[in-house]
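First up is the structure itself, then whatever we jot down about it.
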Amino acid sequence: MKFKSLMHKVMGAMLALPLIPSLAHAFQAAPAHRADYNGWTPHEHYDAVWHETMLDITVLGVVFAIVTFAFMIMYRRHGHGERGKLPHLSGQAKIGWVVIPCMLFLGDDLFLYVKGFDLHNHFRNVPADATEVKLTGSMWNWNYVDVNGIDSDNELVVKQGSPVVLRMVSDDVLHSHYMNRYRVTEDLMPGRITWQWFMPDQLGESVVTCREYCGTMHSGMYGKINVLSAEDYDAYVAEQTASVPAVTGVASAATAADKI
Amino acid sequence: MSGFMGHEPDGKPGQPKTVKEWVFTLDHKVIGVWYLIGAIASFIVAGLAASAMRIELGSVGPDITDNGDIYNLWLTMHGAVMILGFQIPALLGFVANWAVPIMVGGKDMAFPRVNAMSVWLLWSGILLALMNLVIPDSYNGMWTGYPPYSLTDAVGNTALYSSVVIILGMSSVFGAVNLACTVAFMRCKGMGWFQMPLTVWCVFTANVIQLIFVPVLAASVLLLSLDKYLGFGFYNPEVGGDVLLYQNLFWFYSHPAVYVILLPFMGILFEIFATSARNDVFNYKATVWSVIAFIPVSSDVWVHHAYVAGLPDWLRLLQTFTTLLISLPFGLLMLSLTGTMYRGAIRYTGPMWWAVAAFFMLIIGALTGIPNALSAVDYGISDSYVIMSHFHYVMAVSGGMAIFAGVFYWFPKLTGRMCNEMMTKLTAAGFFIGMNLVMGPLYFAGIEGMPRRYMDYQMFADNATITSAHHWSTIGLYITFVSALLMIVVWLHGAIAGEKATSANPWGSQSLEFTATAIIPGQGNFPTPVSVPEGWHPYNYIDNPAPVFEPHPGHTGGHH
Ligand code: HEM
Ligand SMILES: [Cu+2]
Ligand SMILES: [Cu+2]
């Protein structure tokens, strides 16, 4: 009887276990740099969560593999007639072996879920000062038109430190815009507008690929993001907008055809 | 009305003799073998396609083809045939047909004629799918067949795709009804639900999932054909349709389908682990309930395939949570598998080598699923080689290895002969090492940004991680290829010239297919109707009472 009530207490405590990570999170003050996207870009945030997740699954996997491997060696059959002697579980042990592992799994799930929730919000809340770029995908070309009216194929030039939001649509089939450096993917589709944003924090070029199967040249549909310093960027805009009076649809279709 | 059952038990052990007997058979075991032959033929075709792709990807630039359409045809064939032609038929066809009725002590499936129809539907589906290799407008829209691409002319013959899916779907549905009835009504006297081997539970549950979800898949591809050829607009935004509708319908089936593969192959692992360790399955009843729990949980996870498809944010977050819940029943199954070794007396037979290798692949595969489940983490790895590596570990490779383990395990009951043990172990080791070398490095290529379904990766030509991952992966393919080839040779050698089995129970199992049948079970499986006494359990290795045979084979005409 006494043992039973003790067991009930232990089980009750186990039920509370998964709450610990979420509570710990609630009491943790929001780090100052999170309010400021310049302090922590979504892709840096992504990498932090990624490393934690990788550590998490590595630890789980190694522990599990070691236990299994140890069992495999310890419990080899010796004699011809030898049989297994798995202890008979009591009713309570049976329930315990379901509830306790489940609570541990759930605890870990919630822990990661909360991390992911934060990261999700970071990726899905566009900063108010983001500049907009219209992106049209087609087989097999990325067409960017920015607020200055600069129209370019397979290369987007942006200013360092200034967040960019892409408004995206597809001309034909599904495509998916993935910016390798910025760790963000989102599909483009006909009939719907989707979006993604990123913070170009480092000068230089990075790769853009298509991540949704879109036909013969799916793997030939790639481009780059080119990040310029503020001065270089202003010079680039001045040069682009001065030269030609806005690129026409015909011209962009022609470049698209060149690609094929 | 014995004609309804097709045949009476004649107690004579052995297989059909003539071609006619093979082809027009109504015996569930022979039908099971037909499923197995179809599955292995599919594995060979799809494996050759995989090898061609893997060699093409060995280095940047064209290696054996520079034709995107040809590469995409290989990829489409590989994915579709591996899943629909190899894994599902091997598990829900071969294992379900050959093993399950005997395991529950029945003399056949509930509806033998429907059973024969199911297997021949499968064969027609496979042959139809293979036509893709010869027709001029072959279909290259991947096994997922997403519109609007699948509605364009560039994709090739969409009708062929939908027909194959619908025919194979019909085969599965007939098979699922049949199997569910068999388990529910054909169990021998004395066998309660909680005395069934786990393979039976797993196959039964998988078939329930099939029954619920396959019709959704059939509907989704049927609408595709209506759209493309008759101008309906379900998925066409120009006339008010929605391309996302297809993804929702498709994954509403195809995610549960992953568990349709996972559960039966874990069932095989349970069988082999318990038999080899001569040990009880750890926490048997809880394990059964975990299997059943997959039905509700698997039905609410499909959106994780569309996290980056423009779905509303609240849905992404909600489905992140439900997806993570899968780890509970799955974790319990893994715990039970390991627990089955605890204080066991493990004998490392050939099948056990394959099973253990599959188990370790499964650990890696399952854990690499956790990052994919988190919607925000998926933004970085969606449709990349991280996903490719993950699903090959969890489903393709561990599933394939578990199937092969099962073939080696039941081999003596199929052929009356044993496979060479040394060679069995060697091929298991080769396959394990080879496949880790194929898929391991690709995980890291995925982290670096390598997208899936690419025939080339010139944009990453100066990324050393990606290029060397592909290089090593292709070397891994050669090891895998040789091992797979050798495995088939071992089977052929075993079937034709292997050592004759001296015992009907070479591994020392407690399950009825080993303890109550001839070396090769004959028509009707048991010489006379079998029943299990009280206290009998398939995993009781200490004091199991022996199965009982009724002295007079009563005339059981098949009316139940
Ligand atoms: C035998 C060794 C195998 C090798 C070397 C192999 C290799 C490959 C390769 C190179 C790809 C293309 C990856 C991409 O670019 O997206 C692929 C895709 C795929 N494989 Fe395998 N594979 C093997 C076994 C299997 C098995 C047993 C299955 C069973 C389910 C399977 C299922 C798939 C699927 C579903 C796809 C994706 C197809 C698609 O994107 O539509 N593979 N595999
Ligand atoms: Cu594309
Ligand atoms: Cu694409």
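Quick reminder: no glycine exception, Cβ is built from N, Cα and C everywhere.
As annotated by TrEMBL, domain 'Cytochrome oxidase subunit I profile' applies to B:22-536.
TrEMBL lists B:33-53 (among others) with the feature transmembrane segment.
Taken from TrEMBL, the feature transmembrane segment covers B:73-100 (among others). Here the transmembrane segment (B:73-100) has Cβ contacts under 8 Å with residues 28-29, 31-33, 35-36, 38-40, 42-43, 45-46, 49-50, 52-53, 109, 115, 118-119, 122, 125-126, 129, 132-133, 138-143, 161, 164-165, 168, 172, 175-176, 179, 182-183, 199-200, 203-204, 206-207, 210, 257, 260-261, 264-265, 267-268, 395-396, 399-400, 403, 406, 410, 414, 453, 513 of the same chain, all six or more residues outside its ends.
Look at TrEMBL and you will find B:120-139 (among others) tagged as transmembrane segment. Away from its own ends, the transmembrane segment (B:120-139) comes close to residues 34-35, 38, 41-42, 45, 73, 76-77, 80-81, 84-85, 89, 93, 155-158, 160-161, 163-164, 167-168, 170-171, 174 of its chain (Cβ-Cβ under 8 Å, at least six residues beyond either end).
Residues 80, 84-85, 88, 92-93, 96-97, 100-101, 104, 106-111, 114-115, 117-119, 121-122, 124-125, 128-129, 131-132, 135, 139, 141, 145, 150, 196, 200, 203-204, 207-208, 210-211, 214-215, 217-218, 221-222, 224-225, 228-229, 560 of the same chain lie 6+ residues outside the transmembrane segment (B:159-186) yet bring a C-beta within less than 8 angstroms of a C-beta in it. Per TrEMBL, the feature transmembrane segment maps to B:159-186 (among others).
Annotated transmembrane segment per TrEMBL: B:198-226 (among others), in sequence order.
Annotated transmembrane segment per TrEMBL: B:250-274 (among others), in sequence order. Residues 83, 87-88, 91-92, 95-96, 144-146, 197-203, 205-206, 209-210, 212-214, 216-217, 220, 280-281, 287, 291, 294, 298-299, 301-306, 333, 336-337, 340-341, 351-352, 354-355, 358-359, 362, 394-395, 398-399, 402-403, 405-406, 409, 509, 511, 538-539 of the same chain sit 6 or more residues outside the transmembrane segment (B:250-274) yet have a Cβ under 8 Å from a Cβ within it.
The transmembrane segment feature in TrEMBL is assigned to B:286-305 (among others). Within its own chain, the transmembrane segment (B:286-305) has Cβ neighbours under 8 Å at 194, 198, 201-202, 205, 208-209, 212-213, 247-248, 251-252, 254-256, 258-259, 263, 270, 311, 315-316, 318-320, 322-323, 325-326, 328-330, 332-333, 336, 372-373, 375, 378, counting only residues six or more beyond its boundaries.
The annotation transmembrane segment is assigned in TrEMBL to B:317-340 (among others).
Marked as transmembrane segment by TrEMBL: B:352-370 (among others).
Proximity of distant same-chain residues to the transmembrane segment (B:390-411), defined by a Cβ-Cβ separation under 8 Å and at least 6 residues beyond the stretch ends, is recorded for 36, 39, 43, 82, 86-87, 90-91, 94-95, 98-99, 258, 261-262, 265-266, 268-269, 271-272, 275, 350-352, 354-355, 357-359, 361-362, 364-366, 368-369, 372, 417-419, 424, 428, 431-432, 435, 438-439, 443, 487, 491, 494-495, 507, 513. The transmembrane segment annotation in TrEMBL covers B:390-411 (among others).
Beyond the transmembrane segment (B:423-445), the same-chain residues lying 6 or more positions past its ends with a Cβ under 8 Å from any Cβ of the stretch are 54, 348, 350-351, 353-354, 357, 360-361, 368, 385-386, 388-390, 392-393, 397, 401, 404, 408, 465-466, 468-470, 472-473, 475-484, 486-487, 490. Per TrEMBL, transmembrane segment is recorded for B:423-445 (among others).
Remote same-chain partners of the transmembrane segment (B:475-496), defined as residues 6 or more beyond its termini with a Cβ less than 8 Å from a stretch Cβ, comprise 40, 44, 47, 50-51, 54-55, 404, 407, 411, 414-415, 417-420, 423-424, 426-427, 430-431, 433-441. What TrEMBL records for B:475-496 (among others) is transmembrane segment.
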*Quick one: mean pLDDT on the domain 'Cytochrome oxidase subunit I profile' (B:22-536)?*
94
